[in-house]
Amino acid sequence: MATVVNMDTVVNLDDVSLADKCCWICKEACDIVPNYCKCRGDNKIVHKECLEEWINTDVVKNKSCAICESPYNLKRRYKKITKWRCYKRDCHDSLLVNMSLCLIVGGMGGYLLISTEIVKLIASEEVSNIAKVFLVSASMGPFMVSALTMVRACIDCRTYFIATRERNTIHEVAEMEDVEEVEEVNDDDGDEYVDAVEEIVVESPA
């Protein structure tokens, strides 16, 4: 059974003692009243750590206040690279294929170049020019393929690095810069705030 929140329970901060103020996320005491959004009353009280953890669970959805809809003042920060968490799903299969292909083809080209003594055959005057062109093409082919696969592997590594860096991004919340604008809320904004709070539905125990 759901009941609509009674507006009489939404009080001003001036009417609440420091001992009664509690974070709306963890419900524990909070003696500091931050200025992260345009909310008023007890909906404004929240720990910085709790709010940041709540925002980082889904930045796209939680980047603004759910009640007053004012965007949070967020600042991006990356974790230390030694503390990064890597995810296998971000790694494309083509990266592993290209790395393996590069090593195999490059190794075959090196073995072919050394074992058959192609350099001596190319320098020999007994070999015709057509044969020399064929030998040069045959010796350079594996290295060209290896170079192309290496370029592709580098591109995949860059893509994987960017995806991993985004997953290890932390959004820190700071207090709003336009403090005076927040404090001077007109009557229309007050009505919208009341309507927003009235729409909150709290599940009551059966």
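Cβ atoms are placed via backbone N, Cα and C, with glycine included.
Some features that Swiss-Prot has for this protein:
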type	residues	note
BINDING	Cys23, Cys26, His47, Cys50	Zn(2+) 1 binding site
BINDING	Cys37, Cys39, Cys65, Cys68	Zn(2+) 2 binding site
TOPO_DOM	1-93	topological domain 'Cytoplasmic'
TOPO_DOM	115-129	topological domain 'Lumenal'
TOPO_DOM	151-206	topological domain 'Cytoplasmic'
TRANSMEM	94-114	transmembrane segment
TRANSMEM	130-150	transmembrane segment
ZN_FING	15-75	zinc finger
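Locations of recorded Swiss-Prot features on the structure.
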| residue | record | contacts (Cβ under 8 Å, 6+ apart) |
| --- | --- | --- |
| Cys23 | Zn(2+) 1 binding site | Ala29, Cys30, Ile45, Val46, His47, Cys50 |
| Cys26 | Zn(2+) 1 binding site | His47, Cys50 |
| Cys37 | Zn(2+) 2 binding site | Lys44, Ser64, Cys65, Ile67, Cys68, Ser70, Tyr72, Met176 |
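Cβ crowding, taken as the number of other Cβ atoms within 10 Å, peaks at Cys39 among the binding-site residues Cys39, Cys50, Cys65, Cys68. In the shown protein chains, 19 other C-beta atoms lie within 10 A of the C-beta of His47 (Zn(2+) 1 binding site).
Helix, strand and coil counts from DSSP across the zinc finger (15-75) read 19 helix, 7 strand, 35 coil. In the predicted model, the topological domain 'Cytoplasmic' (151-206) has a mean pLDDT of 62. Other than the site residues Cys23, Cys26, His47, Cys50, same-chain residues with C-beta atoms no more than 8 angstroms from the centre of those residues' C-beta atoms, the Zn(2+) 1 site, are Trp24, Ile25, Lys27, Glu28, Cys30, Val46, Glu49, Leu51. Report note: the Zn(2+) 2 site is defined by Cys37, Cys39, Cys65, Cys68, and the residues of the same chain whose CB lies within 8 Å of the CB centroid of those residues, excluding them, are Tyr36, Lys38, Asn43, Lys44, Ser64, Ala66, Ile67, Glu69, Ser70.
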